[in-house]
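Residues or ranges marked as domain 'Tetrahydrofolate dehydrogenase/cyclohydrolase catalytic' by TrEMBL: 24-137. The domain 'Tetrahydrofolate dehydrogenase/cyclohydrolase NAD(P)-binding' annotation in TrEMBL covers 157-297. Annotation source TrEMBL lists NADP(+) binding site at Gly183, Arg184, Ser185, Ile249.
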Amino acid sequence: MIENKKSEVTNNKIELTNEDKIMYGKPLADKITQGVIERVQNLKSKGIQVKLAILKVGNRPGDEAYQRGATSRAEKCGIETEVVELDDRVSQEDYIAALERLNKDDKVHGILCFRPLPSHIDEDLVQYKISPEKDVDCFSPINIARLVDGDKRAFSPCTPEAVIEILKFYNIDMVSKNVVVLGRSMVVGKPLSMLLLNENSTVTICHSKTRDIEKIASRADIIVSCMGRARMVGADYVGQGACLVDVGINFDENGKMCGDIDFDSVIDRCSRITPVPKGVGGVTSSILVAHTLRACENLIDTKLK
């Protein structure tokens, strides 16, 4: 339960209430969405329908939540979606065939592959199969290389970009700040570290083999958790006044969605925090549709040349 007290001024600094500390995703998501709607309508007036394809294997709860958010956001923007659902036992050959069909479909402008893929599918091989021009979540090695190089033409992974944009939207200074990223996946942790370096942050990545992880995290100015472990990050991880961004999408024993961060145990210690739900997820979906729109515009420009 969030205690709702009035903000106070102490030593010329505004002390935020616990409610005021929360960085909701909706204001930023709505801002991004509105810009997308206007440009999609402009393309529609020229007879062009923007389309996103989602390729998924199985029915993981986190994927289901992301799919609902993405398709809902796309519909709001006037972007068509096609969801290709494959069985958990789909062969690698059939998965690649489905991906290559989407690559060749001129009506599809953006492709989102839900990851991680099942262990019997070689993800390292599959990532070379997606069209870089339609790769709106930075799965292709070409786009990953561009990201590392700081090339603005690349599509950044949607969730890491959402983290950066939320911090900017709420005026959280990243320059020279000590940022601890909890998680090292290629979906969030590693690419996020690259984006944070571009913002001149000092970045430490922690993972399952990191020693004294609580001690390291407690020294951070900003903590971003993307471990996928329900309420793992408690007060021992958080130094007084740290800013917390929770990327985790988990479900507790009662089936309730929750993040990696134990919200109730850290709210009194942190300066700002994103909630789960109503935090990073909505911004991620908005960036996904924005990337799909940009992919469509890029493909149109290529055809005109």
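Glycine too: its Cβ is placed from the backbone N, Cα and C atoms.
In TrEMBL, annotation is done automatically, which means it is predicted and not curated.
The Cβ neighbour count for Arg184 (NADP(+) binding site), using a 10 Å radius and every protein chain shown, is 18.
Of all Cα pairs drawn from Gly183, Arg184, Ser185, Ile249, which the record names as binding NADP(+), the longest spans 16 Å. Comparing local CB density within 10 A for the binding-site residues Gly183, Ile249, the maximum falls on Ile249. Residue density at Ser185 (NADP(+) binding site): 16 other Cβ atoms are found within 10 A of its Cβ, drawing on all protein chains shown. The helix, strand and coil residue counts that DSSP assigns across the domain 'Tetrahydrofolate dehydrogenase/cyclohydrolase catalytic' (24-137) are 53 helix, 19 strand, 42 coil. For the domain 'Tetrahydrofolate dehydrogenase/cyclohydrolase NAD(P)-binding' (157-297), the model's pLDDT averages out at 97. Across the domain 'Tetrahydrofolate dehydrogenase/cyclohydrolase NAD(P)-binding' (157-297), the DSSP tally of helix, strand and coil residues reads 52 helix, 26 strand, 63 coil.
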